[in-house]
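Asker: As annotated in TrEMBL:
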COILED    A:112-139  coiled coil
DOMAIN    A:129-229  domain 'P-type ATPase A'
TRANSMEM  A:7-26  transmembrane segment
TRANSMEM  A:38-59  transmembrane segment
TRANSMEM  A:71-88  transmembrane segment
TRANSMEM  A:94-111  transmembrane segment
TRANSMEM  A:248-269  transmembrane segment
TRANSMEM  A:275-301  transmembrane segment
TRANSMEM  A:582-605  transmembrane segment
TRANSMEM  A:611-630  transmembrane segment
Amino acid sequence: MKITTRFWVSLILSLPMLIEMILMPFTNFMLPGGHWTMVALTTAVMLISARPFVTSAWASFQKHHSNMDTLVAIGTATAYIYSIYAMLTDKAVFFESAAFVITFVLLGQVLEEKMRDNASDAIEKLVNLQAKEAEVQRDGQFVKIPLADIVAGDLIRVKPGQKVAVDGTIVEGTSTIDESMVTGESMPVSKAAGDKVIGATINSNGTFVFKAEKVGNDTMLAQIVELVKKAQNSHAPIQNLTDKVSDIFVPVVLIIAIATFLIWYVFLGTSVADALIFAVSVMVIACPCALGLATPTALMVGTGRGAKMGILIKNGEVLEAVNDVKTVVFDKTGTITVGKPAVTDVIGDIHQIIPVAAGLEESSEHPLAAAIMTYAKAQNIAATPVEAFKAIEGKGVQAQVNGQKAFVGNDKLLEDVEISADLKTNMLKLQNEAKTVVFVGLDNQVIGLIAIQDAPKATSKEAMAALHARGLKTVMLTGDNQRVAESIAKQVGIDEVIADVLPADKADHIKHLQHSGAVAFVGDGINDAPALTTANVGIAMGSGTDIAIDSGGIVLIKNDLRDVDTALALSKKTFNRIKLNLFWAFIYNVLGIPVAAGLFYGLGLTLSPEIAGLAMAFSSLSVVTSSVLLGKSKITAHTATI
Amino acid sequence: MTKIIVLIAGLALIGFIIWWFFGKHEVATGTATVANNHQDIDIEVKGGYSPEEVVLEHGVPATLHFTRKDASSCLDHVVFSDFGINQALPQDKQVAVEIDTSKPGEYTWACGMDMFHGKVIIK
């Protein structure tokens, strides 16, 4: 029988007794049939609603185990059996206590079950994001097929409003895509051929065709679901305490209950009935469930909420570690900076320089060439056609443009050509800003300079300010040279720079920093993996390599450094909620048991079994509710206020 | 006189509780049956798990078949925190839980409220 049914049965059967209890002091109202009616009602409650408690308690007893059911079963059975004996021998009975306790405990379980479902629905919501079908090219035609039939390499057409089925790369068409459900990024992202698309995101205005690359369990969404599942069910170290307590909890409570009875009856000389009531109250108020639920429910809600914001917290250990973090260390390239060098300044006549530079760099494979090409494209400047292209090893490239010799290259080219004093001062100025300067020349004369830099992400500065507001120290750890590193650090406001670090030494530097407190490391590359593992908290950028993502304890899907602050805020909040839950769960028992045992009898403070049952029901309910509320509470990231 | 008898009986009961719950008692261990390169074992969920310890062979895909015969809401989920599994166990229905046996070691499982525990040993 379902818990809900059991609850309604016991509630309806208990109601007459409740009415009698309330009305009796005023009107002397008695149930027709007196005690016999009570016996009948309570027996029905015991047989229908309480029997599962007894069977479960007995089954675990045989295995040398005990649980909440043990306490409820023994407590209510004691009250019930004693009352039958008391009725036959004409003493005071307390049938209603047994019935009320069962009703209240079941009420607590019904509500708690609802809340628990509520707490764990994050995964289901994620899975439901998945598209159900897609238009896939088969035999030259686009046909609708179910998601499961899509294989890597399929061409998939996505119309406006449709969901992108799997992960892939656009081959044709442009559009803007709402990726908020996966990355948490609220602004739609524009995409064109060559751009990656993520499964389960929603296409807004354009139609495009993309090639499926990752399907089934390999898609980003599937991986996120897997990560969140693991995180939600992981074990937080703080739970070790409750594990130990829960093993001995119920037997200890039983012993306390027996001792309570013995002390009241044997030593204080109360009646058997009074002594029994104290003992039953002790058994009923003790609630091991609240202790057991405190950590997992908060963990579930906290990690689920993170996933919604594009922040994957991998397990409970990470949550705890975040609390002690004093220093946040960042990798530079790809983490603080965009990771793609870009043109920052052009000195000279832009319409003369860029066509030449673009024409020459079109055929080059140098990373800086890509920066110039992107810039030309963005400025809508066409490349001048060139002839006789030639790369000069270590210096640059040269070619013929309109019959003149043109070149693009670094300062080593300067030995052979002339440069004006004005351009030379500009060059020095740019180099001092830690920019790489490229010279563009025509006919043995330098006509202009192009400065290229891996610029910081627009949000990096804000992210650092937020961490400082949190009282954390920020450090940059990079293999780049000191000048470039310092310039970037200054731009974004980082406290300390450790430059010229070999990839293999990154982890050692982290160890060194750990002497002055716990360290979080934020990185994205393969070379960051050891540092991510060494740090107390490893934070991997979602755009990073799979190895980095595997090594990190927290993954930021959005690639936005501001999420470091949000992740720290969320982790702290979740961990604090766990502590709060545990505090309440313990307090219930630490205070409830002595009161129930009649320790404060002298002060007139006692607990009847039915009140104890109500308190017990609400202890686990309040813990679960507190966890669910975590999903609604405000995450006070400092970024919001800057 | 009655009081002394009650006192003795009460103390004896306390002694029994200590011995019964805290004493060393044997734990039911089960080994999965291997057939067609797949190992299976049935686990009954009733006031705990029987068997409570399951020995699995390393590298052979394994399925644990849980059947909950207990109405207690304490046991309505089974959680393997190492594998990210949180499986609901409807009463009286057999539920299969796949276990990844690629890494030898001991993995514990627990009920949803972390009150009952079991262990998978992959050798």
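From the backbone N, Cα and C atoms, a Cβ is placed for every residue, glycine too.
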Asker: Counting only pairs at least 6 apart in sequence, do the transmembrane segment (A:94-111) and the transmembrane segment (A:7-26) share 3+ Cβ pairs under 8 Å?
Answerer: yes
Asker: Among the recorded stretches A:7-26, A:248-269, A:275-301, A:582-605, A:611-630, which has the greatest number of Cβ pairs closer than 8 Å to the transmembrane segment (A:71-88)?
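Answerer: Highest pair count goes to A:275-301.
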Asker: Same-chain Cβ contacts of the transmembrane segment (A:611-630) under 8 Å, 6 or more residues past its ends?
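Answerer: Hits for the transmembrane segment (A:611-630): 100-105, 107-109, 111-112, 115-116, 118-119, 280-282, 284-287, 289-290, 293-294, 297-298, 300-302, 305, 573-574, 577, 580-581, 584-585, 588, 592, 596.
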Asker: Considering only Cβ pairs under 8 Å, which range in A:7-26, A:38-59, A:582-605 makes the most contacts with the transmembrane segment (A:248-269)?
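Answerer: So the stretch in question is A:582-605.
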Asker: Short question: which residues 6 or more past the ends of the transmembrane segment (A:38-59) have a Cβ under 8 Å from it?
Answerer: 1, 6-7, 9-10, 13-14, 16-17, 31, 66-67, 69-70, 72-74, 76-77, 80, 83-84, 87, 93, 95-96, 98-99, 102-103, 106
